[in-house]
Every structure is written in structure tokens, then in C-alpha cells.
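This report concerns only the one structure given below.
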């Protein structure tokens, strides 16, 4: 198995990558009950750092897990790590195709009346919220696969050899 340091970095980045999706999931029941005007006001201001910080962390996590998968390709864990990297990629693609277009449309609604602004948010909120849920599920699957790969016993006769 590749170095423990790379494993710790991957675990940390993937765990941090879970945080935004978990937050969206926990907020979902409450936010869906908000009136459109309140939903628009909260959603348009609350997530300013989710994209720049969360996106960078998630991209770094995906690359790190892909590197681990490549370095472990001849080990039993290699396939599981490759599947984990693929799940992380699916998560990012789900976000890009489901959530990002909504962000763009909402961003272009900033210069309209409050009623039109709230209506734009109300019209697209289900896609935005459930897009985050779908991306979180894929990300969580990637994290679980990686965690299982890291806890698998070494192949029989391989001995335990940790690289610095």
C-alpha cells in the first residue's frame, strides 16, 4: 500500500469534502419549508465559500485518491481505490451538471425585483437541493470505498511494509 502520509492526506481531504454535502443534507428539510423569499435570501448569501473552498478540497481529494489507486494498481486495494476515485469524479460531475447551472441562473437573477428573485429561486430549488444530495451520496460512496481499501489486510505472505 502506498505511503501512510498519502493515505492520511486522502482521508483528510475526502472527509473535508463530505462536509458541504452533509451540511446541505442536514439543512434540507428546514430549507424546503422556507417561503420562497426567505429561501432566496438565505441561499443567496450562506454558501459564499462552499464553492471556492469546498471545490478545491474536493478536486484535491479526487486527484489524491486517483494517485493512490494508480500506485496500488497491483494490490487488491487498487481496484477499490480506482472505484473510489471514480465515485468522487461522479460526485463532481453531478454537481457540475445539476447544481452549477442553477447557480448560474440564480446569479443572473440578482438584478431583478425581490419577487422575481424569489420566484427564480423557488423554481429551481428542488434541482439545486437534490443535486447536492446526489453529489453527496456519490462522494460518500467514494469515501466508504477508500476507507475499506485502507483497512483491508495485506495479501498473505506480503508482510507489512509501510513506506515513509
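Numbers here mean position along the shown chain, with the first residue as 1.
Cβ coordinates are placed from backbone N, Cα and C, and glycine is handled just like the others.
Sequence-distant neighbours of the transmembrane segment (49-68) (same chain, 6+ residues past either end, Cβ-Cβ under 8 Å): 2, 6-7, 9-10, 13-14, 16-17, 19-20, 81-82, 84-85, 88-89, 91-92, 103, 139, 142, 146. Here TrEMBL flags 49-68 (among others) as transmembrane segment.
Feature annotation from TrEMBL assigns transmembrane segment to 80-100 (among others). For the transmembrane segment (80-100), same-chain residues at least 6 beyond its ends with a Cβ under 8 Å from one of its own Cβ atoms are 14, 17, 21, 58-59, 61-62, 65-66, 68-69, 72-73, 127-128, 130-132, 134-136, 138-139, 141-146, 148-149, 152.
Residues annotated as transmembrane segment in TrEMBL: 133-152 (among others).
Listed by sequence, the residues of this chain that lie at least six past the ends of the transmembrane segment (133-152) yet keep a Cβ under 8 A from its Cβ atoms are 1, 7, 10-11, 14-15, 17-18, 21-22, 24-25, 28, 58, 65, 68, 72, 76-77, 80-81, 83-88, 90-92, 94-95, 98-99.
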